[in-house]
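Over in Swiss-Prot, the protein carries these features:
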- S16, N17, N18, K19, G20, K21, S80, F166, G167, Y168, D169, K189, H194, R195: substrate binding site (BINDING)
- D79: Mg(2+) binding site (BINDING)
- D79: active site, proton acceptor (ACT_SITE)
Amino acid sequence: MSTPHWFDQGSLVLASNNKGKVAEFEKLFEQLKLPVEIIPQGRLNIPDAIEDGLSFIENAIIKARHASKISGKPAMADDSGICVPVLGGAPGIYSARYAGEHGDDAANNAKLLNDLLPFRKNGEAIEGMFVCVLALVTHAEDPLPQIFQGIWHGEILEAPRGENGFGYDPLFWLPELQVSSAELSKEDKNKISHRGQAMQLFRESLQK
């Protein structure tokens, strides 16, 4: 296993102020046992970037560059959300502010359920997928950001289930396990989730 040169800087900024994401990432990075300190951007008083991209990849890169520019350190950003094909992929990149106010999970869930009412027919399942894109930049103007993408397929429930997780987890049903994402432990979720998948690709990149 070769050592990435950004390891030499001794730290990596995690470009997120979302407490739920930060908690999941801290657990995932703990499992990786990287020889670098992982610093959530909030500890450096880095404000959220303006996410004006049109895709998960664009927004992840924007956030990573923003954190790296302010901190002067390598940075990793996550852009993620839930996509529902019958809604044309919505909420998509607007998942965190689907109902208008950023980070209002209850309102976002309620809006998604309401928007899906016209599509509920004869108990048919409505497909959904969680998407996570990780972008790693070694410096703010890195011309070759590393991109890692995970997609987690499931269905959208008619009512919330479970108390764990955050965001749309209570509405995300895993038919093969017969549980919602919010009924999984953090450890079990990280093994199979969109974010866990993307982190696994990141882990594999470190072994090349």
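Every residue, even glycine, has its Cβ placed from backbone N, Cα and C.
These figures come from a predicted structure and were not determined experimentally.
D169 (substrate binding site) sits 16 Å from the residue listed as 'Mg(2+) binding site', counting Cα to Cα.
Annotation for N18 (substrate binding site): same-chain Cβ neighbours under 8 Å, separated by at least 6 residues, are A96, G103, F166.
Comparing Cα positions, D79 (Mg(2+) binding site) lies closest to S16 out of the binding-site residues S16, G20, G167. Its Cβ taken as reference, G167 (substrate binding site) is surrounded by 22 other Cβ atoms within 10 Å in the chains shown. The Cβ of G20 (substrate binding site) has 14 other Cβ atoms within 10 Å, all protein chains considered. With the fewest other Cβ atoms inside 10 Å of its Cβ, the least crowded of the binding-site residues S16, S80 in this structure is S16. Its Cβ placed at the centre, H194 (substrate binding site) has 23 other Cβ atoms within 10 Å. Under DSSP, G167 (substrate binding site) is assigned to coil, being neither helix nor strand in the three-state scheme. Its Cβ placed at the centre, D79 (Mg(2+) binding site) has 26 other Cβ atoms within 10 Å.
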